[in-house]
Amino acid sequence: MQPIDQAFRPLASRRAGALTGRVRVPGDKSISHRAFLFGGLAAGTTRISGLLEGEDVLATGRAMAAMGARMKKDGDVWIVDGVGNGALLEPDGVIDFGNAGTGVRLTMGLVGSYDFAATFVGDASLSRRPMGRVLDPLRLMGVQVVARSGDRLPLSIHGPRVAAPISYRVPMASAQVKSAVLLAGLNAPGVTTVIEPVATRDHTEKMLLGFGAKLDVTVDAEGARHIALEGQGPLSAAGDLTVPGDPSSAAFPLVAALITPGSDVVIENVLMNPTRTGLIETLLEMGASIEIADRRNEGGEDVADLHVRHSQLKGVAVPPERAPSMIDEYPVLAIAAAFADGTTLMQGLDELRVKESDRLSAVAKGLEANGISHVEGKDSLSVTGRPDGKGLGGGRVDTHLDHRIAMSFLVLGMASEAPVTIDDVRMIATSFPEFVAMMAGLGAALEPGSRN
Ligand code: S3P
């Protein structure tokens, strides 16, 4: 039997009727990390509104403060005074990124081209995740790495006196790897080029341009994106920066409303950047009633309000090439699929194995515990639904320090016949601290669960 960690906080979710109301999800996590990173680097003052104050993003803020950036809050606005490109200070002591993969990988890139040492640590989940994908291109730029257990945390890096600009073809679909190389290139002389055969979220490119970086994107005959960045140029503060609502957080109330009979929910101000909207596209194909209202542009990004009503979903095959635009949404899509008529097939999921947990395995085990018919493959998952939710639920789910596993299975409990308990609610604070209160406000029934 596994020992019970007394710090764990189990939470149970049970069916309690329709979800109704209007909500605003917190700021986008990817953009919030980058707002602290680039605001902290660029010369001058950046004022950030709508920042996600999740633990992951706050860790990135502390890292930038440890390297010389100054940040304070004025009401709801974060005011960041940056050091200027090339002028980060050597951090004193270790930098603890907790659960935050994006934070640590982008920061390793950012400081990798500096002639000083930086040491990174994280929680048990982050210490299991592969860092070689970022360290390998950094090594090509001249970075020394000292790691005790393979390319995993805890580890230290030390940049060369002058970093070598490189041209790097990213071997997996990863915005974090792309971004880490570009950020290292900011402090390397000459042009650093990242070649991205499969397009991933483009927040780094867009935001660096907004901060005045010289960056050029072209697409070759094979459709690969070539992102060329001129290093050692000035970066200047973006002035006012507004972070739109996170589509990866919106996914939870969205799916909850779709599967809970009678529901009618509006989710305001959701980022609609096409590199992030794969889940909405898939749910629409499944027959979801999602009205995309008041499309507008805010601070260079498209946003919209989503009007969602309970819908009878049908199973679909999700094209594997859509994976990068919905990579964080497969756990909650699996929950939607559990209520669809027929089978939903998800393929091209290899990257899910190296997220905050092995998400493919964690989802499959959670489905198993709750009586949901599914098949787990090496990089695929198929789920066969029960539209009335009959016989579903009743399980206890191990969340493996993974916020999205936690939220996905709480959403399951909102519509399944029997309640669902997750072993630990704490990690939800890394990306969506308001989740429990927001869902309760819509009518969900969430209460402390038993420890066994
Ligand atoms: C992110 C990129 C994705 C995503 C993560 C955020 C980013 O990771 O899963 O939540 O902000 O760049 P990968 O780069 O590992 O695909």
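Just so it is clear, glycine is given a Cβ too, placed from its N, Cα and C backbone atoms.
Site annotation (TrEMBL): 3-phosphoshikimate is bound by K29, S30, R34, S174, Q176, K355, and the candidate from D151, D328, D379 recorded at this site is D328. Residues Q176, taken from the binding-site residues R34, R129, Q176, R359, are distinguished by a CB atom under 6 angstroms from ligand 1.
Sorted by the number of other CB atoms within 10 A, the binding-site residues K29, R34, R129, R359, R404 start with R129, the lowest. The two recorded residues, K355 (3-phosphoshikimate binding site) and R129 (phosphoenolpyruvate binding site), show a Cα separation of 7 Å. Taking the Cβ of D328 (3-phosphoshikimate binding site) as reference, residues of its chain lying under 8 Å away and at least six apart in sequence are, in sequence order, S248, A251, K355, R404. Sequence-distant contacts (6 or more apart, same chain, Cβ under 8 Å) of S174 (3-phosphoshikimate binding site) comprise R133, T200, E351. Rounded to a whole number, the distance between the Cα atoms of R129 (phosphoenolpyruvate binding site) and Q176 (3-phosphoshikimate binding site) is 13 Å. Straight-line distance linking the Cα atoms of S30 (3-phosphoshikimate binding site) and G101 (phosphoenolpyruvate binding site), rounded to a whole number, equals 11 Å. With respect to R34 (3-phosphoshikimate binding site), the closest of these binding-site residues in Cα terms is G101, chosen from G101, R129, R359.
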